[in-house]
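Data first, discussion second: the structure below is written as structure tokens.
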Amino acid sequence: MESSQRRKSGLNLPAGMNETSLRLETSSPSSPCSSSFRSISISSPRMISSLSSPSSSKSTICSDRFIPCRSSSRLHTFGLMEKESPAKEGGNEAYCRILKSELFGSDFGSCFSPAGQGSPMSPNKNMLRFKTEHSGPNSPYSPSILGHDSGFSSEASTPPKPPRKVPKTPHKVLDAPSLQDDFYLNLVDWSSQNVLAVGLGTCVYLWTASNSKVTKLCDLGPNDSVCAVQWTREGSYISIGTNLGQVQVWDGTQCKKVRTMGGHQTRTGVLAWNSRILSSGSRDRHILQHDLRVSSDYVSKLVGHKSEVCGLKWSHDDRELASGGNDNQLLVWNQHSQQPILKLTEHTAAVKAIAWSPHQSNLLASGGGTADRCIRFWNTTNGHQLNNIDTGSQVCNLSWSKNVNEIVSTHGYSQNQIMVWKYPSMAKVATLTGHSFRVLYLAMSPDGQTIVTGAGDETLRFWNVFPSVKTPTPVKDTGLWSLGRTYIR
């Protein structure tokens, strides 16, 4: 009889329990725990009779346990429902829905399974299995930084190297009286034999770095002046460009003139050696190629600029010559051409600063004057511009480090600063200040660690900016020479 009543009611109840003995109650609103707890009461005549007092006018409500509020819990992280559970006979689904509603709230089921699927409360092997919440991609704790499949753990990752420290002050300062403040001249060069040449007025002085000895190489006389100096790669001979347009070659060790060559109509402001050819650029807009092995003043003339030639550099393999002019052009020539193989016209001011990369062939850097202020990088194989960066001030010189893949630039209006850049990211390594005029002159020591800068404030300043080749450790503040100021003449 009882079995038939259970089938009619649609509920699968335990033996000895009828439908009227099952009721669901919630605590009254006045209870302080009404919003946090719900109770389930299951009573039977035998339970009431055994637990109630004969004098009690109300029936005692017995609850199995209190369930804490789930509203602030992350229940979605628990795999409460992974597989469908087949419905049992006797309407077990309806009983579970009522029980689930009382335990978790009426809208709990909607976030787990669509209607019509198996009961989410059905017991299975995935019950209370905790699922890991994956952090967002922007989270600093996200495992996607290395990835689960990368094979590396966070403990194995090495911390980033701290930026290399560059001393902010020069370790030596030389007074250089009469050092001209002229953007188009090139008056400082450092030889491979560690001798610094400086053009001061009508004279050229040699300063030996190992012992600080100063030697007067030559005096051009009252009617001429020095406009450019350039050592050969071997460091034994030095070429001098003059205001009258001559190119003189001197033996630096014996202080004797080897040869004088003409050909330019006016001042020769820039010189560049390769292994056997000396190139000279002039205000007359021409580039002359000189060969000391022949008797003629020059062996070829390169015509392409429309204004004064102020920048000139041979590539390290001697295959290409880059020239910059006051016509805002950057031209690239090869060994045999009389016409430029590349005409690069993106600069909007005079191009004096030119540097070839010693680390990558066909990579050329150039810098523009006050109206341009940009450093541009070129692939001379196809003429494509690889990158450009606005430095904020006139670019006077560029020099690539041979020890590390970094480049140093000197600047004029308006900040007169020296900047060290990491290539190819062009992140700033250091910004050095000290000159009160435009930093028009730049040369690098033969070991590649020290640079010397010159300006119209008539000073030469020596800076330790690059590490050595063998041990790229931070450069120390102590240099090869004692601190202090001396005179170069």
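We number each residue from 1, going along the chain as drawn.
Glycine residues also receive a Cβ, built from the backbone N, Cα and C atoms like all the rest.
No curator has checked TrEMBL annotations; they are predicted automatically.
According to TrEMBL, the feature compositional bias 'Low complexity' maps to 27-39. Marked as compositional bias 'Basic residues' by TrEMBL: 162-171. According to TrEMBL, the domain 'CDC20/Fizzy WD40' annotation covers 174-463. Residues or ranges marked as region 'Disordered' in TrEMBL: 1-39, 115-171. Positions annotated as repeat 'WD' by TrEMBL: 302-343, 344-388, 432-465.
Among residues of the same chain six or more beyond the repeat 'WD' (432-465), those with a C-beta under 8 A of the stretch's C-beta atoms are 166-183, 185-194, 196, 198, 209, 235, 394, 396-399, 401-403, 408, 410-413, 415-420, 475-477, 479-481, 488. When the repeat 'WD' (302-343) is classified with DSSP, helix, strand and coil residues number 0 helix, 21 strand, 21 coil. Across the repeat 'WD' (432-465), the DSSP tally of helix, strand and coil residues reads 0 helix, 19 strand, 15 coil.
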